[in-house]
Amino acid sequence: MVEAQSWTTRRGSNPRLESPQDQVLDMPVTPTAEIRQQQYSNGGIASLVSPNVLTALIIASWYCSNIGVLLLNKYLLSFYGYRYPIFLTMLHMLSCATYSLVAIKWLEVVPFQQIHSRKQFFKILALSAIFCFSVVCGNTSLRYLPVSFNQAIGATTPFFTAIFAFVITCKKETAEVYLALVPVVLGIVLASNSEPLFHLFGFLMALGSTAGRALKSVVQGLLLSSDAEKLHSMNLLLYMAPMAAMILLPFTLYIEGNVAAVTVEKAKGDGFMVFLLISNATVAYLVNLTNFLVTKHTSALTLQVLGNAKAAVAAVVSVLIFRNPVNIMGITGFAVTVMGVVLYSEAKKRSKVTAH
């Protein structure tokens, strides 16, 4: 170990090394690698990895959870024989409510926000109803359509968002934005005409899910626009999830019958089904959690770009796993739709810059 050195100055001459007794300024000893590592670790678990590695892990988790919930839903509803999409969605909502409570109240992932008025409560209830409609339609469509085609339809969300924004808020986009929507619609027309496993009811359910998702984003911006009523996405999920579960309860009892008793009876002789349902409900919450984490560690724009790529990745993975037939025209239509979504995102970004 090198001793700390000292310097002293005499009458404007150059500094000269003196004896330790004449010290004026101490030069601290460089800490060892072990000390630096200990200091770095004191920042928490996130400090154990570099920011770039942490961001990459979060993005990977986002992809795994988003694609995982699609594949699990498809497997349960189409291949495993669990034909209760409404009850499955209700399990998702109960899972999101439970995990959100733990994450916010106990783990304090984000600060807890309260509902301040009855008006705000009913606004959230309205959003919950739209949320229910979108998720139930999406899960139902997976019973009849392959994941690849389901994702191609889901990629048309910007088209429905533009329509609802114009109808509800009278918001007009630039001509460039509207032109970018042409390939979005054209691509899905090509994919639909050439889809080997096309099912009309499944197609309508997928369109309903996509439209519901777009409607929720527009209505959410309209209803919760004031600073007093704005809620963090995690807090909004905390309130919406139990409301959605209560909305779904009478529908699942009326349409799907005594599904809870049927599920319990099946679970007694099939432990793997219990594992699938718990895993599916957990991953459904992780989709929302990783959405928040990606936005926190990157940006909302990055999340949008990742979402554009996610549809294509999910389609490829589902084809590899479920071996559903595809053809060149279907692939071309999907590619045209994704290209349109990318053009739409770029056009929206340029229109915002011009507006400012």
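Cβ atoms here come from the backbone N, Cα and C positions, even for glycine.
Here TrEMBL flags 1-12 as compositional bias 'Polar residues'.
Here TrEMBL flags 1-22 as region 'Disordered'.
The predicted model assigns the domain 'Sugar phosphate transporter' (56-345) a mean pLDDT of 91. Summarising the annotation, TrEMBL assigns domain 'Sugar phosphate transporter' to 56-345.
Under the heading transmembrane segment, TrEMBL lists 84-104 (among others). Non-local neighbours of the transmembrane segment (84-104) in the same chain are 73, 76-77, 110, 112, 132, 135-136, 139-140, 142-143, 234-235, 237-238, 241-242, 244-245, 248-249, 251-252, 255-256, 259-260, 262-263, 277, 280-282, 284-285, 288-289; each lies 6+ residues outside the stretch with a CB under 8 Å from one of its CB atoms.
Residues of the same chain lying 6 or more positions beyond the ends of the transmembrane segment (124-142) and with a Cβ under 8 Å from any Cβ of it are 70, 73-74, 77-78, 85-86, 88-89, 92-93, 115, 150, 153-154, 202-203, 205-206, 208-209, 211-213, 215-216, 219-220, 223-224, 231, 236, 239-240, 243-244, 247-248, 251. Summarising the annotation, TrEMBL assigns transmembrane segment to 124-142 (among others).
Long-range neighbours of the transmembrane segment (148-168) within the same chain, counting only residues 6 or more positions beyond its ends whose Cβ lies under 8 Å from a Cβ of the stretch, are 70, 138, 141-142, 177-178, 181, 184-185, 187-188, 191, 195, 197-198, 203, 206-207, 209-211, 213-215, 217-219, 222, 308, 311-312, 314-316, 318-319, 324, 326, 330, 333-334, 337-338, 341, 344-345. The transmembrane segment feature in TrEMBL is assigned to 148-168 (among others).
For the transmembrane segment (175-191), the residues of the chain that approach it from at least six positions outside its boundaries are 149, 152-153, 155-156, 158-159, 162, 329-330, 332-341, 343-344, 346-348, 350-351, judged by C-beta separation under 8 angstroms. The transmembrane segment feature in TrEMBL is assigned to 175-191 (among others).
Residues or ranges marked as transmembrane segment in TrEMBL: 197-215 (among others).
Feature annotation from TrEMBL assigns transmembrane segment to 236-255 (among others). Cβ atoms under 8 Å from those of the transmembrane segment (236-255) belong to residues 84, 86-87, 89-90, 93-94, 96-97, 100-101, 104, 115, 124-125, 127-129, 131-132, 135-136, 224, 288 of the same chain, restricted to positions at least 6 beyond its ends.
Taken from TrEMBL, the feature transmembrane segment covers 275-294 (among others).
The annotation transmembrane segment is assigned in TrEMBL to 301-322 (among others). If one looks beyond the transmembrane segment (301-322) by at least 6 residues along the same chain, the residues whose Cβ comes under 8 Å of a Cβ in the stretch are 59, 62-63, 66-67, 70-71, 74, 79, 146-148, 151-152, 154-155, 291, 294-295, 334, 338, 341-342, 345, 349.
Here the transmembrane segment (328-345) has Cβ contacts under 8 Å with residues 148-149, 151-152, 155-156, 158, 177, 180-196, 304-305, 308, 311-312, 315 of the same chain, all six or more residues outside its ends. For 328-345 (among others), the entry in TrEMBL reads transmembrane segment.
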By Cβ distance under 8 Å, which residues at least 6 away from the ends of the transmembrane segment (197-215) in the same chain are close to it?
130-131, 133-135, 137-138, 140-146, 149-150, 153-154, 156-161, 163-164, 324-325
